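J.: Input: one structure, supplied below.
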Amino acid sequence: MQICLMDETGATDGALSVLAARWGLEHDEDNPMALVLTPQHLELRKRDEPKLGGIFVDFVGGAMAHRRKFGGGRGEAVAKAVGIKGDYLPDVVDATAGLGRDAFVLASVGCRVRMLERNPVVAALLDDGLTRGYADADIGPWLQQRLQLIHASSLTALTDITPRPQVVYLDPMFPHRQKSALVKKEMRVFQSLVGPDLDADGLLEPARQLATKRVVVKRPDYAPPLADVATPNAIVTKGHRFDIYAGTPLTE
């Protein structure tokens with residue numbers, strides 16, 4: 001994949017070349033998207049809209065730390081949707097990891113989560129965030145146990161992941177109507193990079209075959225159900241729906 005690669009660390013250790021080789025990235029000087037190694041983190045920028053700033057994954061500070069400390073925890077809609085109850089903390093595959101926010105919420109309340117991400121740039125951002133998270137004295141010990149990244153296409157990976165998870169979580173990219181600054185900024189940068197998930201409808205059936213308990217699909221409230229498969233089971237929040245489908249139980 002081609003993208004503009006930039007190193008702002010001032011170091012001469014070749015870290016950017018190593019990163020490019022690992023994720024299969026080729027430097028393209030004229031690409032409007034840039035992956036930038038800063039002294040603090042790896043970030044994605046839209047070069048023709050510099051005011052949008054950089055997007056990076058941060059599990060340790062910022063909004064994620066606030067959500068972990070002061071958010072609803074088990075009361076969050078995503079936690080309810082995957083079925084967390086009492087001692088039951090399902091094993092989850094997040095097949096559309098993105099920036100890892102929902103996966104992190106589930107991990108922070110005790111679930112083991114395997115994140116799938118097919119876009120190499122997004123996977124590199126996630127990996128960078130995980131590396132910093134794993135090294136953090138506060139969250140590192142449990143984050144290493146509960147949150148993992150698999151760089152693979154969900155369409156193929158969903159058929160051969162073992163062991164099978166109890167829950168598969170899907171949050172395909174869907175054009176956002178909201179005008180909130182954060183969503184607008186992130187979506188503009190993100191959609192410039194990856195575009196909409198045109199093949200997302202193809203994820204529902206393999207997800208249902210893989211999950212032993214349920215599949216949860218996050219949708220904007222105005223979006224049709226994934227693959228036009230309606231379900232009476234949903235958790236509705238302001239602006240979103242978590243549609244719930246039955247999985248395929250383990251056979252003895």
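Any Cβ shown, glycine's included, is placed from N, Cα and C.
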J.: Given that Swiss-Prot assigns R101, D102, E117, R118, S153, S154 to the S-adenosyl-L-methionine site, pick the one from D136, D138, D171 that the record assigns to that site as well.
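T.: Only hit among D136, D138, D171 in Swiss-Prot's S-adenosyl-L-methionine site, alongside R101, D102, E117, R118, S153, S154: D171.
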J.: Within 10 Å of the Cβ of D171 (S-adenosyl-L-methionine binding site), how many other Cβ atoms are there?
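T.: I count 22 other Cβ atoms within 10 Å of it.
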J.: Taking 10 A as the limit, how many CB atoms besides its own sit near the CB of R101 (S-adenosyl-L-methionine binding site)?
T.: 17
